[in-house]
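*Asks:* Have a look at the structure that comes next, please.
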Amino acid sequence: MVAAAPEAAEAVALEAAEFSKRACVASNSFATMFQLAFMSLALGASSFACGILPLSFAFSKSYLDRLSAVGTGLLLGAALGVIIPEGIEAAVEENPEHVPTGTIALALLFGFTCMLIIEQLVSPHSHSHAHAHAQPDTLVLHVVKGDSNTKSSDVEFDAELGDIEREEGTDRAGYMQRDAPVPTLVHDSAAAPNRAFPLTFGLVIHGLADGLALGASSLNKDQSGGSSSLSLIVFLALIIHKAPTSLALTTSLLATSLPRIKCKQYLLVFASSTPVGAIASYLLFSFLGSGNGGWTGVALLFSGGTFLYVATVLQPVSEYSAAAPGEMRSTTRVFYIALGIFIPFVLSSLLGHGH
């Protein structure tokens, strides 16, 4: 009886330690989920707020050009300097004796290819139409300068995910300058939803992919078991990237003569896509495996591939070889892109590696 007492006490102590460990893990998971929910809501709210601005205010095209260039750099820097290295490290930690080069390559390729398929197939009619006309801008506004005898003007609208991402609210938002004449749009309420839906749908799918990046980055844990700084860096890159995208979406929806209340509804759907994608991907990968397992590495590498596609194909860094009058010079654009590229790495160094 006396000998059994120490054994019982030891068993109770072990059970208490295990319970404390589980409670700590649950607390860290709850804190990470709360942080992710907060970032998701902030990202959705900021996207919606930016998208509403064209309904009431005018913007300088040069300002939007600079914001778009920094956003492109942030996506490149976040992918090459933070997300992909973290994804490789997470994949290697799962099996330190063997570097899973095949898994790393396939995850990156699938992420890149996924965005390629979305961009090319989400609206095939508009894609072929754009190439048939051989025009770089698929949104054409015939402007009316206030002639009272002119009742209306024609608008040719054809938008796809690649077009709106390349413009990022610059050329399409150019008509929002204070001194620019106000475009008169075709009031075809029946055709407007047919034009607006493919555009919004493509960006919603892209927003879900952005949410995957945020959710996967939240799975990464630091040494104490809490959320690492990676999610904060991805959050910063996304919030700056989505500002001009939201502006571009609203101006393109307005060009379809869609009622303003409908524009707000489409914008709300787009703004909600990234938060939904972030929370859904976090819950999915948490269910599939632990935060530091192979699934986390795959998710990070996949999202890194999507970032690379958006930054290099939808927003090609060499797009502006010669600046037209009033446009940002190529040297200035390169400067802002380079500035954005190094911001994620600097933040990662200042906030800590996260492991």
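Cβ coordinates come from backbone N, Cα and C, glycine included.
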*Asks:* Check each of the ranges 12-34, 196-218 against TrEMBL and return the one annotated as transmembrane segment.
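*Replies:* Transmembrane segment, as annotated by TrEMBL, spans 196-218.
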*Asks:* Taking 3+ C-beta pairs under 8 angstroms (sequence gap of 6 or more) as contact, is the transmembrane segment (230-254) in contact with the transmembrane segment (104-122)?
*Replies:* no
*Asks:* Short question: which residues 6 or more past the ends of the transmembrane segment (67-84) have a Cβ under 8 Å from it?
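*Replies:* Same-chain contacts beyond the ends: 108, 168-170, 213, 217, 230, 233-234, 236-237, 240-241, 243-244, 300-301, 303-304, 307-308, 310-312, 315, 317, 328, 333, 336-345, 348.
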*Asks:* Which stretch from 36-55, 104-122, 266-288, 334-352 shares the most C-beta pairs under 8 Å with the transmembrane segment (294-314)?
*Replies:* 104-122
